[in-house]
Structures are given as C-alpha cells and as structure tokens.
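Engineer: Handing you this structure, nothing more for now.
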Amino acid sequence: MSDRVIGVIGGSGLYAIDALEGATWTTLTTPWGDPSDAILVGELEGTKMAFLPRHGRGHVHAPSDVPYRANIDALKQLGVTDILSVSACGSFRDEMAPGDFVLCDQMIDRTRGRTSSFFSSGCVAHVSLAHPTCDRLRSAALGAAQGLGITVHNGGTYLAMEGPQFSTLAESRMYREVWAADVIGMTNMPEAKLAREAEICYLTVAMVTDYDSWHPDHGEVDINQLLATLGANVAHGAALVAAMPAALNGPREACPQGCDSALQFAIMTAPEKRDPALVAKLQTVAGRVLG
Ligand SMILES: CSC[C@H]1O[C@H](OP(=O)(O)O)[C@H](O)[C@@H]1O
Ligand SMILES: Nc1ncnc2[nH]cnc12
C-alpha cells in the first residue's frame, strides 16, 4: 500500500464511488462537529481512498451549511494527503462547454459568513494561498482525463459564490468580463483554504453544467437542464477518480509546491501564549507543527 491517501469530495450528483474495493462507510467525529456524512473508505490499485459526499447522501447540506472544517479534519484523520474536489459549476467561457471539465488553478472567494480557518485568536496562523490548488495533482488529473477522452481544460479561475440562488445577470457579466473568472460554484471556498491549512494537496475538478446567465444563446440557469448535464458528467467524474491511483503512481514525494508543508512557518502565536483548548482542537490538522 502506498503512503499516498487520496480523498475525494464529491459534489452535487456524486454521492458514492462504486469502483472502491473493500469499501466501508466509516463514521468519524471531529472537534469541529460532524462531517457531512460517513466516509467511504476503500482501496484502488493499492492506494487507499476516502470518499466524502460534500452535501451528504440525499443532498442534505446547503452550500452555506456544509461543515467544511469537520470534513477536512475527518479526511486528515484518515491520513488523506491529496484531495480531488469533484464539483458542478457554471461556465463564463464559450469554449468551456457543458460536459467539459476544468482543472482550476485559481480562485476568487465571494462567500460570506462561512468560517474559513481552523485558526483564530489563541493560535493565529497565516498560510500562503497564492496558488490555492496543487499543480502536481492537476498534472496527474490532466493526463487521466485526457486518457479517458474527457474534454478537459488545464487551468481556470473558480469563483465561489455564497448561493444558494444563482447569480444575477449583472453579477454574471461582472464575474466574466471584469473579474475574469472562468467558472462559478458555491462550495470550493473555504474548502480549499482549509485543505491548505491542513497541509493537504487540493484540486478543484470543475464539471461544467451550464453557462450561468451571461450567455446570449443560453439564457438563465435552467435547473432541469443542469441536472441532465450533471447526470452525464458524474460518470466521467467517477471514471476520473478511479484513474487517479494509476496517474499518481509511485511513492509519494513531498509536494514541490509546498502544499504539504504550508504550516511550517505559519503559526504566529508564541507557544506560551497559545490557548490550550484551541491547540487541542488543532491536533489533527496542525499537530505536525504544534507538537
Ligand atoms: C446543483 S447546482 C448548484 C450546486 O452544485 C454545486 O455543488 P458542488 O460544488 O458541491 O458540486 C454548486 O456549488 C452548488 O452547491
Ligand atoms: N451557474 C452556477 N452557479 C453557481 N453554482 C453552480 N453549480 C452549477 N452551476 C452553477
């Protein structure tokens, strides 16, 4: 068994991965509350994999209420080193058409009121988020997606909005024309921030379901059409996940980009000034540097 553990956070439409061998739904608790659901833990080609449905089976949690901290803590408890976030999204680009995949390398966070850090007063930390997703994971996913014949775009900016309503036409135009976002969804922030704080490599695999509301030929988001496209996309998403162990083959080396050492010099609060209760809560995600 390799020391790499692949975590998959399944978004809308992706609630299980059938290909996992010897898989069992495992219930975990965390100091940040319960994760979205039990986690399906199994193995594929000698690599341990852990699958967590972001909204829970049956789509219980709204984007604003997903327990993002608990989800990342629970995956870290399972030893997850690399997370693929398989997420539905709208597109701001003609060429990123419904059915296509976009492997995102940048993000804009427009969410409001979500707790976006494990750290706070009593244990303050500042990690870099200049490159919020992992390039090594992106290269591997690119090769795997191309091998499966998926139309895939290498790079793109994901705008995370609060939701649950879709954007107004004015917002959609602004995100596209002024902010140069490529795709839009409601969930990958603060997820990506928390994964970085937990020193887990993270990649957004955005599955395009619609053109949001800016496109003159497509009108506004039609949820029935979106769900139909999602149904087709999800099979590709599951196939991509199943191809990842082979794509990441070989022993896991330290992340060249430093995702897995993000906390090395990040904690600012002097050891004697740290809040013991908060430090105890941080053991899973930051125990490596907190001791
Ligand atoms: C079903 S459309 C809106 C919904 O889908 C996306 O969820 P996820 O990112 O978990 O795939 C989007 O962010 C919204 O939550
Ligand atoms: N247009 C859109 N906006 C936000 N989230 C989405 N998820 C799928 N399509 C979306």
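Just so it is clear, glycine is given a Cβ too, placed from its N, Cα and C backbone atoms.
Below, the features straight out of TrEMBL:
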type    : residues                                  : note
BINDING : SER12, ARG54, HIS55, SER87, ALA88, THR187 : phosphate binding site
BINDING : MET186, ASP210, TYR211, ASP212            : substrate binding site
DOMAIN  : 6-241                                     : domain 'Nucleoside phosphorylase'
SITE    : SER167                                    : site 'Important for substrate specificity'
SITE    : ILE223                                    : site 'Important for substrate specificity'
Engineer: Using the Cβ centroid of SER12, ARG54, HIS55, SER87, ALA88, THR187 as the reference point for the phosphate site, which residues of the same chain not in that list have Cβ within 8 Å?
Structural biologist: GLY10, GLY11, GLY13, LEU14, PRO63, GLY185, MET186
Engineer: Since the record lists ALA88, MET186, ILE223 as recorded positions, which of them has the fewest other Cβ atoms within 10 Å of its Cβ?
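Structural biologist: If we count Cβ atoms within 10 Å for the recorded positions ALA88, MET186, ILE223, the smallest count is at ILE223.
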Engineer: Among the recorded positions listed here (SER167, MET186, TYR211), which has the Cα closest to the Cα of SER12 (phosphate binding site)?
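Structural biologist: Comparing Cα positions, the closest of these recorded positions turns out to be MET186.
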Engineer: Give me the non-local Cβ neighbours of THR187 (phosphate binding site): same chain, 6+ apart in sequence, Cβ-Cβ under 8 Å, ordered along the sequence.
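Structural biologist: Correct list: GLY11, ARG54, PRO63, VAL66, SER85, SER87, ALA160.
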Engineer: So which recorded positions out of ALA88, ASP210, ASP212, ILE223 are up against ligand 1, CB under 6 A?
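Structural biologist: Cβ < 6 Å from ligand 1, in sequence order: ALA88.
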Engineer: Checking the recorded positions SER167, MET186, ASP210, TYR211, ASP212, ILE223, which are within 10 Å of HIS55 (phosphate binding site) at the Cα level?
Structural biologist: none
Engineer: Quiz question: given the binding-site residues ARG54, HIS55, which has the greatest number of C-beta atoms lying within 10 angstroms of its own C-beta?
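Structural biologist: Ranked by Cβ atoms within 10 Å, first place goes to ARG54.
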Engineer: Taking a cut-off of under 6 Å between Cβ and any atom of ligand 2, tell me which of the binding-site residues SER87, ASP210, ASP212 pass.
Structural biologist: ASP210, ASP212
Engineer: Go through ASP210, ASP212, our binding-site residues, and report the one whose Cβ sees the most other Cβ atoms within 10 Å.
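Structural biologist: Max Cβ neighbours within 10 Å, all protein chains included: ASP212.
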Engineer: Does anything in the same chain, at least 6 positions from TYR211 (substrate binding site), have a Cβ under 8 Å from its Cβ, and if so what?
Structural biologist: GLY90, SER91, PHE92, PRO98, HIS218
Engineer: Distance check, please: Cα of ALA88 (phosphate binding site) against Cα of MET186 (substrate binding site), rounded to an integer number of angstrom.
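Structural biologist: Between the Cα atoms of ALA88 (phosphate binding site) and MET186 (substrate binding site), the distance comes to 9 Å.
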Engineer: Sorry to bug you, but what's the C-alpha spacing from ASP210 (substrate binding site) to SER167 (site 'Important for substrate specificity'), rounded to the closest Å?
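Structural biologist: Distance (Cα to Cα, whole Å): 12 Å.
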Engineer: What whole-number value in Å do you get for the largest C-alpha pair distance within MET186, ASP210, TYR211, ASP212, the residues recorded as binding substrate?
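Structural biologist: With MET186, ASP210, TYR211, ASP212 as the binding residues for substrate, the largest Cα distance is 15 Å.
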